[in-house]
């Protein structure tokens with residue numbers, strides 16, 4: 001099924017794009033992450049221009065997180081106050097991200113920066129996740145339950161001024177901490193076309209010390225609104241969103257997300273986390289190889 | 001004044017003299033409009049025509065025919081990756097003011113056998129003779145390295161093509177060449193030029209135009225995105241939220 005993409009200016013096999021969306025949708029349904037970290041590199045690998053890929057991936061993450069947000073809302077798993085602060089930070093972040101994107105694109109270093117960010121972020125987060133899930137699988141086998149970590153926010157968070165009460169998260173901390181966290185992921189969303197869930201969730205748990213039952217819902221809430229803001233930002237600055245491409249991706253990913261969510265209820269969460277860690281590490285390793293090996297195309301072209 | 005008139009006369013005489021001998025080319029293209037829309041996966045243009053003597057009868061002489069299809073030129077920056085501290089990054093670059101967005105050349109025989117380098121350079125016959133107008137003071141060696149890089153990149157993308165020996169001339173009068181346009185072909189007005197060459201000299205040339213454009217839905221989407229960014233963004237957000245919500249509802253029913 002050949003589909004001509006009006007913004008990317010090329011013809012692609014529509015089924016491959018739908019399939020790609022379905023794979024990332026499955027991941028997002030199973031693991032609760034957006035899956036943008038996989039879509040963007042795969043689309044670039046398929047031959048879609050990098051800017052179009054990153055811009056269109058954001059809307060796919062929006063679609064995949066919608067149903068998750070609804071589900072978590074129903075069972076009271078979203079801290080709206082915390083979410084709003086993080087969304088505010090995220091929107092500021094997308095603005096900064098857009099400026100950085102333009103600056104780096106002018107310098108011709110945007111691709112390298114994106115690749116290095118992927119390697120560093122995915123490598124470290126994937127490593128941490130793998131270590132943790134292996135530890136808990138071992139603990140499960142030996143029958144000794146791991147001592148639950150005492151939930152506490154990071155000392156640096158405690159030193160910030162102007163504290164607010166976040167009832168649902170069970171926190172009394174400065175709103176600056178979630179604002180900065182939101183800002184950081186906003187920048188990454190704009191630069192890398194990812195939702196940032198795999199960074200947000202551990203950060204909310206271990207840096208902010210939020211109560212675990214609102215972490216996933218609130219992070220999805222933040223991702224939903226920040227990817228919407230990113231889509232708007234791309235529409236206004238890069239004009240690189242291909243709505244045909246995005247629709248194909250969405251079609252695959254929203255279906256995949258539903259299937260994944262059903263599967264996730266049956267599988268063991270610890271093993272799921274290990275699988276996700278391995279996928280993340282593989283993507284990071286592939287990116288690292290790409291940086292070190294001689295690329296196929298030494299030359300790249302950009303309009304002036 | 002007198003000098004000017006004299007030289008004009010000389011020029012006229014030259015035209016008349018050569019005009020009497022040189023053939024006439026009547027070129028045609030299989031389609032003057034290429035529409036980029038759903039289902040477009042690239043196309044093949046047939047560039048054909050006739051070589052006639054000035055009297056309108058068939059030329060009855062072997063001419064070499066070179067056909068060039070050229071897209072609109074653009075200003076681009078070409079970047080070169082080099083290995084710095086273990087990783088490949090864009091380390092050098094140069095700008096070109098007039099890189100054709102598409103260039104295809106077809107000829108009856110290899111260009112180097114038809115014309116000398118000087119003529120090839122004047123008429124831009126061949127990828128190595130493209131006048132790319134590099135900007136900035138860089139030495140000729142570096143310049144040719146970047147030009148070669150640009151050509152290589154575009155050849156790989158299928159946007160620069162060279163096919164020597166692919167023009168067929170039948171009965172010394174009809175010529176035809178097939179040129180492929182990939183699906184990633186840029187929009188704009190293309191010129192199709194035909195050259196008749198005899199004994200290393202271009203004796204006749206003629207050109208026609210091909211319009212590559214987006215049509216209907218594709219054109220509307222591109223215009224919408226370029227001119228109404230805010231509304232386009234809202235539409236994209238609406239589509240993504242809507243599809244996510246719809247899928248959630250549908251699966252809840254199952």
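Quick reminder: no glycine exception, Cβ is built from N, Cα and C everywhere.
Feature annotation from TrEMBL assigns transmembrane segment to A:12-38 (among others). Within the chain, the transmembrane segment (A:12-38) has long-range Cβ neighbours (under 8 A, six or more residues past its boundaries) at 1-3, 5, 46-48, 57-58, 60-61, 64-65, 68, 118, 122, 189, 192-198, 201, 216, 220, 223, 227, 245, 248-264, 267, 272-273, 276, 279-280, 283.
The transmembrane segment feature in TrEMBL is assigned to A:44-71 (among others).
Per TrEMBL, transmembrane segment is recorded for A:83-107 (among others).
For A:113-130 (among others), the entry in TrEMBL reads transmembrane segment. Counting same-chain residues at least six beyond the ends of the transmembrane segment (A:113-130), those with a Cβ under 8 angstroms from any Cβ of the stretch are 37, 41, 50, 54, 104, 188, 191-192, 198-199, 202, 273-274, 276-278, 280-281, 283-285, 287-288, 290-291.
Within the chain, the transmembrane segment (A:171-199) has long-range Cβ neighbours (under 8 A, six or more residues past its boundaries) at 32-37, 39-40, 53-58, 61, 65, 82, 85-98, 100-101, 110, 113-114, 117-118, 121-122, 125, 153, 157-158, 160-165, 207-211, 219-220, 222-223, 226-227, 229-230, 233-234, 276, 280. Under the heading transmembrane segment, TrEMBL lists A:171-199 (among others).
Sequence annotations record features per position, and here TrEMBL assigns transmembrane segment to A:205-228 (among others).
The annotation transmembrane segment is assigned in TrEMBL to A:240-260 (among others).
Within the chain, the transmembrane segment (A:272-293) has long-range Cβ neighbours (under 8 A, six or more residues past its boundaries) at 27, 30-31, 33, 37-38, 41, 112, 115-116, 118-119, 122-123, 125-127, 129-130, 132-134, 137, 198, 264. Annotation source TrEMBL lists transmembrane segment at A:272-293 (among others).
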